[in-house]
Amino acid sequence: MSSKRTAAFPAEDATVSEGVIVPETAGRHRPATAASPGEPLLVVEDLRVQFTRGGRKINAVNGLSYELAPGSMLAIIGESGSGKSVSSRALMGLLPPTAKISGSVRFDGRDLLGLSEREMQSLRGGDIAMVFQDPARSLNPTMKIGAQITEAVRLHSDLDKKGAQARAVELLKLVRLPAAERRFHEYPHQLSGGMRQRVMIAIALAGEPRLLIADEATTALDVTTQAQIMELLVELQQRLGMAVIMISHDLGLAASYAQDVVVMYAGRAVEYAPTKVLFANVRMPYTHALLGAIPALDREPHSLFEVTPGQPPDLSALPKGCPFRPRCSNATDQCLEMPPFTEHDPEHWFACWHPVGSGTGKHTANGEQR
Amino acid sequence: MTATATPRVPVSRDPRVSPLSRLTASPVLRLVVKRLLMAIPIMLGVTVLTFWVLSLIPGNAAQQLLGPEATPEDIALLEQQLGLDKPGVVRYFDWLQGAVTGDLGNSLVSRQPVSEILSARLPVTAELVFLAFVVSLVLAVPVALLAAHKPGGVMDRISMMISTLGLSVANYVLALLLVLVFAVSLGWLPAIGYTPLEDGLWANLRGMILPSAAIGFPLFCYYTRFLRGDLVDQMQQEEYVTTARAKGVGSWAVLIKHAFRNSSFGLITIVGLNLGALIGGTVIIEQIFALPGIGQMLLQAINTRDFVVVQAAVVIFALVAVVANLVVDLLYAVLDPRIRYGSR
């Protein structure tokens, strides 16, 4: 790969100045952070997604709001069915046409929900890219990986076939795929899970996105590979100045990498704060319960995990008031009324009448049961 | 392996490769040889079965030739001449002995060598099958793509209606309807008969349009429905489709470039499995349109108890089925990079 063309992305050994490298080719010349300082790149307000299945209405997302600053990393945490994946697919316009979406999603000042399919198409893989959970199923099994990356490059640049292929190899090097030139001509089944996820990231980077959504991108990988992929994502985020939304069920992973955390339950945001603020003072009993379920080395051997009784609610028949009420040990009759999602402490949003540490419930700040 | 003085270096040999594959270098060749060897017991089984079933039908070629008025003496004499007086097992092995040496024998009825009959009739059936096959497949792919692009849309509903209709009408009923409309009412095409290719391409094709449509239309409906269903499944359930869409690939390109390629494996399987039905369909259709093909020959031979000719037809049909399945398996390997024969 000694093309005379300037590399769109620096090869592995390129020096990284100020942590940000500005892409120089591919027709788009723009600073890594396009929005003016202080202005969020993405503002999601009261996002709602409803599916109708067999006559039943399923409320997958019920009023989700958050903001994302350019170049920062936000983690959306929640268990299966909490609406974390659905909400991010709604941003990308990837939900089936039967999904009813309302609320507002402003990306760089544009309302994404009002865009036509054609406008959305040029945005997808361009300014907003996505990496999915299962790299074994997310790549087309019948196409060489090189062709799959080249396709993405050509969709979002004016490069000819040769140039796009050269760029694809550069992208493979950028995501540190060993023997990139050889792998270029291989099929997904010839790669390991970690390598496939690197290819997925290379595809996502093809359009030089300003926002990368990683939907459980490390869940299907073993722990070592998981750490490598996360390190790669963080490094690329800093080098390329992308904002990243990391969707995960792993609170620990979020704590290690993200600047902000949104905790979702039953399609709602229940707690939202900068990571440091959140972990210093968890307020929402659900988040508290999640933390209690994480194994830790300093835990007493053979001690029982704190288990949250019950199951997440049926999204087609949500309980009255706070959706966590039936499982919450702090719940009172007041919880039959939906608690507002407000900024109780500076930068710390949550929706709860009886937060942890307020002294009104059984959960206290240090996790003891009274 | 000869002993050498050099230090023992482990022979780099893939332990998964069996000795047989070292003999035949190409794994594809190995597959072909294996399948053709497997065809031998299939052929034996099919011919034995046919022979046995034919022997269960009352009457034999001698009786059929001489007609109901013949005296038992005449019949006995002809049976002796034709070799029909010998026990069935002996007759079968006589036939088999000739067949393996390439001599398919002579027709009991016309005394013509079977190989001559076949060379005259095979092209007719081959043309019929080929036209029905190509037309049904070539039409099914774009119609299925149009239908799958918008499930529940206008194109989808229309194609669903047509294909349900096509699947619920038997091909001989369809044949008669086609004759009624295009030959009798409109007079555009001949109702029956076959014109050899030597008499002009158009004259030949004119006679072939209705019979191949009668066989091909139900197949077209079947392929369309299958492919449409598989494409919709791919589009709605497969993550690689979501990846393609997330890349910014347009909906048509996702369908054609990504989903269709993956749906084609299923289609090939269906097409391969249906080739038997396709050839079976020629028997009735050749009868209706008076086409001098293998199917018509088979029917006549069964009526006259001409077991030599029946056997030849059955062997041909079975051989086509074996080869079709082999071609399907080879196509998998060409289309699906995950399949590489010989590595197991």
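Cβ from N, Cα, C; glycine included.
All annotation found in TrEMBL is predicted automatically rather than curated by experts.
Here the transmembrane segment (B:36-57) has long-range neighbours at 88, 91-92, 95-96, 99, 302, 305, 307, 310-311, 314-315, 318-319, 322, 326, meaning same-chain residues at least 6 beyond its ends whose C-beta is under 8 angstroms from one of its own. For B:36-57 (among others), the entry in TrEMBL reads transmembrane segment.
Summarising the annotation, TrEMBL assigns domain 'ABC transmembrane type-1' to B:122-328.
Away from its own ends, the transmembrane segment (B:128-148) comes close to residues 155-156, 159-160, 208, 211-213, 215-217, 219-220, 223-225, 227-228, 231-232, 235, 255-256, 259-260, 271, 275, 278-279, 281-282, 285-286, 291, 293 of its chain (Cβ-Cβ under 8 Å, at least six residues beyond either end). Summarising the annotation, TrEMBL assigns transmembrane segment to B:128-148 (among others).
Within its own chain, the transmembrane segment (B:169-189) has Cβ neighbours under 8 Å at 206-207, 209-211, 213-215, 217-218, 281, 284-285, 288-289, counting only residues six or more beyond its boundaries. What TrEMBL lists as transmembrane segment is B:169-189 (among others).
Same-chain residues lying 6 or more positions outside the transmembrane segment (B:209-227) and placing a CB less than 8 Å from one of its CB atoms are 128-129, 131-133, 135-137, 139-141, 143-144, 147-148, 159-160, 162-167, 169, 171-172, 174-175, 178-179, 182-183, 189-191, 263, 266-267, 270-271, 274, 277-278, 281-282, 285-286, 288-289, 291. Under the heading transmembrane segment, TrEMBL lists B:209-227 (among others).
The transmembrane segment annotation in TrEMBL covers B:265-289 (among others). Sequence-distant neighbours of the transmembrane segment (B:265-289) (same chain, 6+ residues past either end, Cβ-Cβ under 8 Å): 124-125, 128-129, 132-133, 137, 171-172, 175-176, 179, 191-194, 207, 210-211, 214-215, 219, 222-223, 226-227, 230, 295-296, 298-299, 317, 320-321, 324-325, 327-328, 331-332, 335-336.
According to TrEMBL, the transmembrane segment annotation covers B:309-335 (among others). Tertiary proximity for the transmembrane segment (B:309-335) is limited to same-chain residues at least six positions away from its ends with a CB under 8 Å from its CB atoms, namely 28, 31-32, 35-36, 38-39, 42-43, 46-47, 50-51, 54, 95, 99, 104, 107-109, 114, 117-118, 122, 261, 264-265, 268-269, 271-272, 275-276, 279-280, 294, 297-298, 300-302, 341.
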